[in-house]
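J.: A single structure is presented below for examination.
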Amino acid sequence: IKCKTLLITILSQSFRDSQFLQVTRNWTFYFLWPLPQQLHQSADRDCLSPQRFSFTYGRDSAAQTGCSVLDAAFKRYFSIIFPDFTTLSGLLMPENDVKTRGCDGYPDEDSDESYTLSVSEGQAVLRSVSVWGALRGLESLSQLVYQDDYGTYFINKTEIVDFPRFAFRGLLLDTSRHYLPLYAILKTLDAMAYSKLNVFHWHIVDDPSFPYQSRTFPDLSNKGAFHPFTHIYTQSDVIRVIEHARMRGIRVVPEFDSPGHTQSWGKGQPGLLTPCYKGSVPSGSFGPVDPTVDTTYKFMASLLKEVKFVFPDSYVHLGGDEVSFACWQSNPNVRKFMEKMVERLKKTSYVQKSLVSDTVLEIWKGAKYQTELSRMTQAGHRVLLSAPWYINHISYGQDWRNSYAVQPQNFSGTDEQKKLVIGGEVAMWGEYVDATNLSPRLWPRACAAAERLWSNEEKTLNADLAFPRLKEFRCELLRRGIQAEPLFVGHCRHEYDGL
């Protein structure tokens, strides 16, 4: 079979007024995950030759050779599209060397991830406003290429117009209850990019251990980690995670949960935690952070200053959940502190509105999360939904369907309230999860939430229609080295070979 050259042209520029957006006819559903907003395919197809396959930047593109994000993505996706070819001899790059705005930055909450993709007659044109949209388009392109039984690569004539439904599409990993080695985190970031998830919520420390190696307070990990050398994340490790994520258009949001969930902190920071009392004498145990001493505030200010320096994202998650009040109530100094607070609150007080409006609230608990969505948005808060996506909980059968059935904006409220739902995230807590079972427990179950947060809800309400696409995508994850568990009986053409 004589295969055509496929030239992939990248145009990083605004396309909102383009006639390309008028492609709305006869949309069909191919095996793409998550489902694009608009998709049209025909039976016309071209066979592809890896040796004659090339990426190039459009002449008028704002991004050109030297764009770190896209240059690396071209090489990465060539290997993904053609796994049988180990060399990049077929990957032709333009000679211009011009670095452009956005190529060396970080994705943020305002990043534009929209793109259009047109594949026909041996050419694919990918248009995007930003490099982050180009990454999402490259992912869709990679899923369009398939092989027949003889190993020949094909791609069908395709038109895609796509953009995310929600700007925040996250995944939480807990690295305190069980330490996750660096390779497991990086592999998770890869799978997130394949699913178009764009926020890695790193719940890096908690009660059991403090694996983050602080340059300001090194004893936090020296004394608070499971092991001070083997079970820590050095500054270099953190930088590597952030850069790996950046190259895939993924934000890294760290969480330093306080004032509760801080037992491991106290091992390396004496005087930080509240001494609990039994009657009139200390019991020998400790509770949440002690709010009565100035050293607490100086420590927290210094630590958070470092965190903001190390992690470039504008978000820092401060937890604030599950604070045990029993220890505070038992401590005489805390009781006196609270009495003084009550006296002060009897006088007129105010809080800057910006301090409240800049806070995003996460709804993480409760079966009736719709009530919380209504209440929080009515108060004017931006919210994230994670309560129905705690996929560390497992059950027999296809429990991904429960995640797929979630409707984040299905609550009592105005249209303006519903716009305050900026997204959601999958949570993988670590009580029973480490590197041995992380990937199969995450994937493809997390993909259900990924599609719910990216795709048009009206087009993706039917889980039975979604099943064939998700089954195929699970097989694609296996082919890419992600140890994703099966959805039901059957087999994949490319079984996981890393066992």
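All positions are counted from 1 along the displayed chain.
Yeah, the Cβs are placed from backbone N, Cα and C, and that goes for glycine too.
So TrEMBL lists these for the protein:
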- Glu322: active site, proton donor (ACT_SITE)
- Cys67-Cys103: disulfide bond (DISULFID)
- Cys276-Cys327: disulfide bond (DISULFID)
- Cys475-Cys492: disulfide bond (DISULFID)
- 109-144: domain 'Beta-hexosaminidase eukaryotic type N-terminal' (DOMAIN)
- 166-348: domain 'Glycoside hydrolase family 20 catalytic' (DOMAIN)
- 353-456: domain 'Glycoside hydrolase family 20 catalytic' (DOMAIN)
J.: Out of Cys103, Glu322, Cys327, which of these recorded positions is nearest Cys492 (disulfide bond) by C-alpha distance?
T.: Cys103
J.: Cα of Cys103 (disulfide bond) to Cα of Cys475 (disulfide bond): how many Å, rounded?
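T.: Each residue's Cα considered, Cys103 (disulfide bond) and Cys475 (disulfide bond) end up 32 Å apart.
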J.: Relative to the Cβ position of Cys475 (disulfide bond), how many further Cβ atoms are located within 10 Å?
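T.: Its Cβ has 22 other Cβ atoms within 10 Å.
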J.: Quick one: of Cys67, Cys103, Cys276, Cys327, Cys492, which of the disulfide-bonded residues has the smallest count of other CB atoms within 10 A?
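T.: Candidates: the disulfide-bonded residues Cys67, Cys103, Cys276, Cys327, Cys492. Fewest Cβ atoms within 10 Å: Cys492.
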J.: Given the recorded positions Cys276, Glu322, Cys327, Cys475, which one's Cα is the least distant from that of Cys67 (disulfide bond)?
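T.: Nearest in space to Cys67 (disulfide bond), counting only the recorded positions, is Cys475.
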J.: Please list, for the domain 'Beta-hexosaminidase eukaryotic type N-terminal' (109-144), how many residues fall into helix, strand and coil according to DSSP.
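T.: Counting residues by DSSP class gives 14 helix, 12 strand, 10 coil.
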J.: How many neighbouring Cβ atoms, not counting its own, are there within 10 Å of the Cβ of the residue listed as 'active site, proton donor'?
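T.: Neighbour count, Cβ to Cβ under the 10 Å cut-off: 11.
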J.: How many helix, strand and coil residues does the domain 'Glycoside hydrolase family 20 catalytic' (353-456) contain under DSSP?
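T.: Once the DSSP states are binned, the domain 'Glycoside hydrolase family 20 catalytic' (353-456) shows 43 helix, 17 strand, 44 coil.
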J.: About how far apart, in whole Å, are the alpha carbons (Cα) of Cys327 (disulfide bond) and Cys475 (disulfide bond)?
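T.: Pair distance, Cα basis, whole Å: 50 Å.
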J.: Hey, how far is Glu322 (active site, proton donor) from Cys276 (disulfide bond), Cα to Cα, in Å?
T.: 17
